[in-house]
Amino acid sequence: MAIAERRSRSHLALRVRDRVSAEVFFEERFEDGWESKWVKSDWKRDENMAGEWNFTSGKWNGDANDKGIQTSEDYRFYAISAAFPEFSNKGKTLVFQFSVKHEQKLDCGGGYMKLLSGDVDQKKFGGDTPYSIMFGPDICGYSTKKVHAILTKGETNHLIKKDVPCETDQLTHVYTFILRPDASYSILIDNVEKQSGSVYTDWDILPPKQIKDPEAKKPEDWEDKEYIPDPEDKKPEGYDDIPKEITDPEAKKPEDWDDEEDGEWTAPTIPNPDYKGEWKPKKIKNPNFKGKWKAPMIDNPDFKDDPDIYVFPKLKYVGIELWQVKSGTMFDNVLICDDPDYAKKLAEETWGKNKDAEKAAFDEAEKKKEEEEAKDDPTESDDEKPDEEGESDGEGDDESKDIDNEEDDEDVHDEL
């Protein structure tokens, strides 16, 4: 108890000291009493498909007192949210950060969070609830292993056009999304920038400033063929008289061939090595080649600049809404603020402080798992070993078993 109190006091000291320069809109470290701030949705509960959350530090960790919330049931939907005083990020930097750990070695499922605006019935929060920002890792099979960064404008969800690979191991990782007043952004994983750019270019929120002139047409005399037939090249005399096949000069009439019984003998034909097919003049560089024609660009009459493209004026909720085939994903240390430095310090104080101990705990858990699996493996005793005389037959049996096992594996793969 004394250790937990000292830990809370040290956290409080850091919060007070660093919050002087940062405006923190929401911060959740999932300590005792966290449930008073979070609302578990009834979404999918009537269908018995709503998953339950565990409050835990996980199977392996760097600090048993540092807990988060973890999905606990396979093949379930999860939805939970928390409210905070409504604010707009206009004229200020928006920082959205949280940590995720996929203890279950995730095959298919999300690890992302959402920011919502306006008034939301939190008990009905689910997959159809509109959101402003969706951010975080998503894994499914071999094809999807990326960080989502989706910005909603109007009723359209705009996906980031750049690839941002996510972490896929079973350890804790911190994901940070920074959106600035100049519409620039950064995506960090474990306090390391993985992607950056501009909202103007990396999301298709606005129509393009310029478009191809729809009225433009390629001039009739435009030469877009790089090579043309050589007008000086002439077909050789007698070219068309060259036969496709000729009589095989090596063929000889069989000695036992009887013209009366077998008919008149005819030598077989073979492809003519001198036959070159249909004659075509050789190609030369087109002296009038102008390149591939492109329609000229013109200003897009539908383009309208939006200096507030980065703005979300009524942010009010943070939520987790996802589907998981295999449960075990843990969320912790959720932060919404205006100061990237504060977010970085929070990440270092939590994830950074515990990552080495967590890795050691994970390695130890894996070692114990391997030892247990080794104990469970059947070993062949001496009295079960085949004698020398029957050794050949035994090898044949093993080979037959191997073939059967391979066929079983193929059947399982086909079923999947």
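Along the chain as shown, the residues are counted starting at 1.
Glycine too: its Cβ is placed from the backbone N, Cα and C atoms.
These figures come from a predicted structure and were not determined experimentally.
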Exercise for review: Tell me which range among 61-64, 117-120, 413-416 Swiss-Prot lists as motif 'Prevents secretion from ER'.
Suggested key: 413-416
Practice item. Pick the one from Glu278, Glu321, Glu348, Glu349 that Swiss-Prot also lists for the alpha-D-glucoside site with Tyr112, Lys114, Tyr131, Asp138. Key: Glu321
Practice item. Check Swiss-Prot and name the cysteine among Cys108, Cys337 that pairs with Cys140 in a disulfide. Key: Cys108
Revision key, fill the gap. Residues near Cys108 (disulfide bond) by Cβ (under 8 Å) yet at least 6 apart in sequence within the same chain, in sequence order, are Ile139, Cys140, Gly141, Gln324, Val325, Lys326
Point to revise | Long-range Cβ neighbours of the compositional bias 'Basic and acidic residues' (349-378) (under 8 Å; 6 or more residues past either end) | key: 11, 14, 29, 59-63, 66, 99, 170-174, 190-191, 332-333
**Study point:** Assigned element (helix, strand, coil) containing Tyr112 (alpha-D-glucoside binding site), judged by DSSP
**Key:** coil
Study note, to complete from the structure: Beyond a gap of at least 6 residues from its ends, the CB atoms lying under 8 Å from the repeat '2-3' (291-301) belong to 207-214, 216, 218-219, 222, 224
Point to revise | Where Tyr131 (alpha-D-glucoside binding site) sits in the secondary structure, as DSSP reduces it to three classes | key: coil
